[in-house]
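Straight from Swiss-Prot, the features:
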type	residues	note
BINDING	87, 127, 131-137, 167-178, 202	ATP binding site
DOMAIN	91-277	domain 'ATP-grasp'
BINDING	192, 203, 204, 256, 257, 258, 259, 260	substrate binding site
BINDING	237, 250	Mg(2+) 1 binding site
BINDING	250, 252	Mg(2+) 2 binding site
């Protein structure tokens, strides 16, 4: 079996994956798509599995698609990346299958966004369908703040950033929950605790990880959400609603896991390589 690790920025997670591949004596190459092209030819077909790890959604999506065209099994597939990389597409899949999500209104223009604010009521969350690390996710307390956010988003070149997901503001327990799944297995979950002077729990923004006990309802919600999007290696962000219980906030197709490892002591990279060897060895 030969594996290719696709990257654009080599973070701690990619170093851990490379180390796990070496320790498990798996042949592998690294292709940095920020520097190297991907040809549509049979050369890429020498790989059996591609681990897709670019930070950029579009680099991840397109590199996965090119490798799939060469007959390579990609983790994750371009279909999974396309759905998980766009929160509107994610919510559409989950809502159709009855998975709890935050109450959400989609607005595709500035005028529609103002109407969505009025329907939702303040405070509310407004975020675009694409993006990571809490970027451009706004807590809006009144219409004046809302108009400012809309004006700024209208100036952005990417049309997706002008789309608005208007949501209820769920502030409960001062944390959110991140879980990681590989294949059909839930590896575990941990809490991301909101830091001082912040309302978001992202580790990139200073959120601190802590271990939690996974109950059956949380496990059921996560496993079903993963199966709906056909994710093979994904993280799942969960909010705790005071009335609705666990709601799925988003799924990540190129999951970061250093905070998860600190909180749970689970070696995610090793688990990923074991999964690949068990399912795709030749």
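Glycine too: its Cβ is placed from the backbone N, Cα and C atoms.
Annotated features taken from Swiss-Prot, shown on the structure.
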residue : record                 : CB count, 10 Å
132     : ATP binding site       : 15
135     : ATP binding site       : 13
167     : ATP binding site       : 22
192     : substrate binding site : 23
202     : ATP binding site       : 21
203     : substrate binding site : 21
204     : substrate binding site : 12
237     : Mg(2+) 1 binding site  : 17
256     : substrate binding site : 20
258     : substrate binding site : 14
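For residue 252 (Mg(2+) 2 binding site), the binding-site residues whose C-alpha atoms fall inside a 10 Å radius of its own C-alpha are 132, 237, out of 132, 176, 192, 237, 259. Contacts of residue 176 (ATP binding site) defined by a Cβ separation under 8 A and a same-chain sequence distance of 6+ are given as 191, 192, 201, 237, 238, 239, 240, 249, in order along the sequence.
The average pLDDT for the domain 'ATP-grasp' (91-277) in the predicted structure is 95. DSSP gives residue 237 (Mg(2+) 1 binding site) a strand state. Minimal Cβ crowding within 10 Å, among the binding-site residues 170, 173, 252, 257, 259, is found at 173. Taking the centre of the Cβ atoms of 192, 203, 204, 256, 257, 258, 259, 260 as the substrate site, the nearby residues of that chain (Cβ within 8 Å, site residues left out) are 178, 209, 262. In the three-state DSSP scheme, residue 252 (Mg(2+) 2 binding site) is classed as strand. When secondary structure is read from DSSP and collapsed to three states, residue 176 (ATP binding site) falls in the strand class. Put simply, of the binding-site residues 203, 257, 258, 260, the one whose Cα is nearest the Cα of residue 132 (ATP binding site) is 203.
Of the residues the record lists as binding substrate, namely 192, 203, 204, 256, 257, 258, 259, 260, the two whose Cα atoms sit farthest apart are 13 Å from each other. Within 10 Å of residue 250 (Mg(2+) 1 binding site), as judged by C-alpha distances, the binding-site residues found are 87; the full candidate list was 87, 167, 202, 258, 259. When the binding-site residues 87, 167, 170, 202 are ranked by how far their Cα is from the Cα of residue 258 (substrate binding site), 202 comes first. With a cut-off of 8 Å between CB atoms and residues at least 6 apart in sequence, the same chain places 127, 128, 129, 130, 165, 250 near residue 87 (ATP binding site), listed in sequence order.
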